[in-house]
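Take a look at the structure below.
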């Protein structure tokens, strides 16, 4: 049983999804989905434990030997990502039943859970597989289900956002497919481990350069790296709020994983960072992403838009850590992947609670909300502080590591710019907080000043995530240790 | 008694946090809530006195609480500078609470529970800062202090209060994030340590250009010390209720700022290194300019609280000058000035608040003749003004004396002229207020003076607080011995 | 002499032409790819965009299939007479990709149907205008 762990990750939700269709009763489907997602969480904990104890695990699918058959390979990086995805997915699912009550008609709720589980399958699959083509297939599974999930949004603009995302996402995925094809043509293998050994022989050919370019651009589309981010704000803003909470914490993180996996493991460090001016490109794109997206966030009226743009800015932070291309830089990126997943899921889930109670998505509707929903707003304040990077929250930990990495590398101006960009975060977070805490409630609403706190089924997951924001900001052992191990093994410092 | 100093230290760090929770729990019952606050203050004071006695007896108390990131830990230690700061603030916390009971109730402020709870959190941040053993701990609680005082500054919730809150948060957060954090990261990278150490932590091989930039970043980054040009938050924050102004100006915020600057100058750079850096001279000019300009601006202000706020900026400049000179007399002067200024300034703000609550006046031009109505308050104002100016028999004279000695020792003659000039300016903008209050004919005959009113003082609680702090100003002049010894011990260890 | 030189030039041209002709499958792939991509970008009609997307994806399938061909190789059916086979793996891969592409197209078409119901149009500009109007009306 234990030896099958790597594949069970993917199998469990994959089996649960059609079962959901058969059951077709939202309440039971919900319970089944939670069970499946919870199971993957337990499995990923076990995996992480095994990987830390005994090093990378491999699993041959169907018993076919590695370069021919599909291999699942779990090292520190995979295990870390698996843990993040399955944990966030489970916590978000806890809130799902209540949160979709008002946003998705009950006849479509079963489909919601099916799609949710399928996208979970896709993301877990991307992270656990060691085969380049398999990765593409899982990428499409997760993308297709995410288009469906976004289109479930109540607003008709959700359809339009889903369509735009579909076009962009498909182009991105096809680019990746072209890249994989070119690599296969040059090396005759699809196994990532095998690829990484054979690619150096043919590294200086135009085909490999082309493959690299296609894959990088394709991944960056999925990643919503500035300036390829156009699909993200609307997709996040108009999707059902529970879907936003889920995707903001997982989808872009998986894309970061793919980027790291291809550049570090498959193409190799020396090819990725010396043959091409990738470092400079990513640094510039990351910085401009931080500034442009943060400034855009400041001018948004829709609160979900504000935090969607903030996600793009935070992808900028991750990309900058990545572009430093040192162990410290990559550690910072991985830490921020973990930490950003925590803060954004907490924020969007709290927004889901607000939307559940009041339907408010625009900033002006947040006036005086602190009196109506004190606990929810307190959660938004804490998660917002984490987003800003206040000490004792996870945001501070990743900011600190990023700064150290930048200064170690000698990139002082970038460090200063990042801190300035950070100030913009303060501005847009504070707009929301000030609106909620220092304005009297809107008059046009019924004069009911009693508390209308969100139900516990929503509050509990929100506060679990907020508590995680603070806990992992104080007890950083787990996140830092695993992130460091992953970064070191990617640089070949440790096997 | 089985209480070890370590335990007491822990208790004194955590007590305000617990008090804050208890305050929120007792929110519905004002009397219980205030009783909780006062009890917490008293226990806190007891703990700190215990720590002081233990320190005098030669115990060294250190505490590593938690390792946050590898190599970065929350660690605490009891050293004289921190002890002075902690003792002063928690004593004044007690007094301010007494004052606030009178003030908040008679002013019928809303959200009083939020006020007391945030106040307690701010106090715990102060305790953590006071006993922090490294820059990292200081930074963390510096930010918490900023965030916990923000609701206090915009307490009123009016448009003006919100704007003040924005300026307050904007300046303090942005300087601390951009300058202070950057400086800490660079220090960590260059020196490999963030722990406070007597004589500094930098090796002799570090480039002096880099250190100069670092010192600039630190001094500007700790904007709570209100060195110009990052002083705007202080006058803006005067819209807050008077007890909050007292907290900002005397108990916690600005004092935490200069305290951190002192700590950095002494224990991160060290006096020798500081003296050798070219940028120190530039910063001295800046601090001197801060002293003079703020005094000049203060003279122009008609709103009493704004005038006092600029006076604070000017007085903080003194402390920064002492920290930058870093010879032993200057340090003693700076340290003592933290205490002396705290007592004097809190008295002045208490008086301003009392005038506001009782006579509903906030402008200096409305105050002539007020001495008949509020004799005690105005007398207290007079004594506290003397202490700010530095005239015996008030505590301020000692700190200014030592600061001048320090300036002479450093042979910075021009600074002596600046300090003298500033004292003159202090006289010009402070003394006329109480003098005109008692002798309305002295300055102008035209001003419609307040006459014919019976004596009507501030609420009893507030008046008591004013009397205690005024007494403190005088007692500190008569018995400066303990404070002086502690101040001397800062560099002596 | 002149004739000789001309002959050399012709030779060079011929060989270049042959080289290009030898890669003709790639030229087909690239022209299809660019056609599809251009349609996606330039056309405002949502259905046309999907057509473009399908052409774009098809070009990649052709790319995979053509690269599997081994010169002189025959279909990969085990037979003792045959010594050289074409590579079957890309075919298998592309079967999967085709399934994915069909799913994508179906989903996209379904979305367009819903968009038509909701917005009453399948033209990008009109929909965009409606979206913007919605935004302005609600945000103030």
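Using the three backbone atoms N, Cα and C, a Cβ is placed for every residue, glycine included.
All annotation found in TrEMBL is predicted automatically rather than curated by experts.
What TrEMBL records for this protein:
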type	residues	note
TRANSMEM	A:6-24	transmembrane segment
TRANSMEM	A:31-56	transmembrane segment
TRANSMEM	A:76-98	transmembrane segment
TRANSMEM	A:110-127	transmembrane segment
DOMAIN	A:131-425	domain 'NADH:quinone oxidoreductase/Mrp antiporter transmembrane'
TRANSMEM	A:165-187	transmembrane segment
TRANSMEM	A:207-225	transmembrane segment
TRANSMEM	A:280-299	transmembrane segment
TRANSMEM	A:345-364	transmembrane segment
TRANSMEM	A:376-398	transmembrane segment
TRANSMEM	A:410-433	transmembrane segment
TRANSMEM	A:454-474	transmembrane segment
How about the transmembrane segment (A:6-24) and the transmembrane segment (A:345-364): do they have 3 or more C-beta pairs under 8 A, pairs 6 or more apart in sequence?
no
Stretch-level contact, the transmembrane segment (A:31-56) and the transmembrane segment (A:110-127), CB cutoff 8 A, at least 3 pairs:
yes
What same-chain residues lie close to the transmembrane segment (A:76-98): Cβ under 8 Å, and 6 or more beyond its ends?
9, 26-27, 30, 33-34, 37-38, 40-41, 43-45, 47-48, 51-52, 56, 112-113, 116, 120, 123-124, 127-128, 242, 245-246, 249-250, 253-254, 257, 260-261, 334, 337-338, 341-342, 345, 349, 352-353, 356, 455, 457-458, 460-462, 464-465, 482-483, 485-486, 489-490
For the transmembrane segment (A:280-299), give me same-chain residues lying six or more residues beyond its boundaries with a C-beta closer than 8 angstroms to one of its C-beta atoms, as numbers and ranges.
225-227, 229, 233, 305-307, 309-310, 312-313, 315-320, 322-323, 414, 417-418, 421, 424-425, 427-428, 431
Give residue numbers and ranges for long-range contacts of the transmembrane segment (A:376-398): same chain, 6 or more residues beyond its ends, CB-CB under 8 A.
310, 314, 317, 332, 335-336, 338-340, 342-344, 346-347, 350-351, 353-354, 357, 369-370, 422, 425-426, 429, 432-433, 436-437, 453-454, 459, 462-463, 465-466, 468-470, 472-474, 476, 479-480
Considering the transmembrane segment (A:454-474), which listed stretch of A:110-127, A:165-187, A:345-364, A:410-433 counts the most C-beta pairs under 8 Å:
A:345-364
Let me spell it out: take the transmembrane segment (A:410-433), skip the flanking residues so only those 6+ beyond its ends count, and list any with a Cβ under 8 Å from a Cβ in it.
283, 287, 290-291, 294-295, 297-298, 300, 303, 306, 309-310, 313, 316-317, 320, 324, 363, 366, 380-381, 384-385, 387-389, 399, 402-403
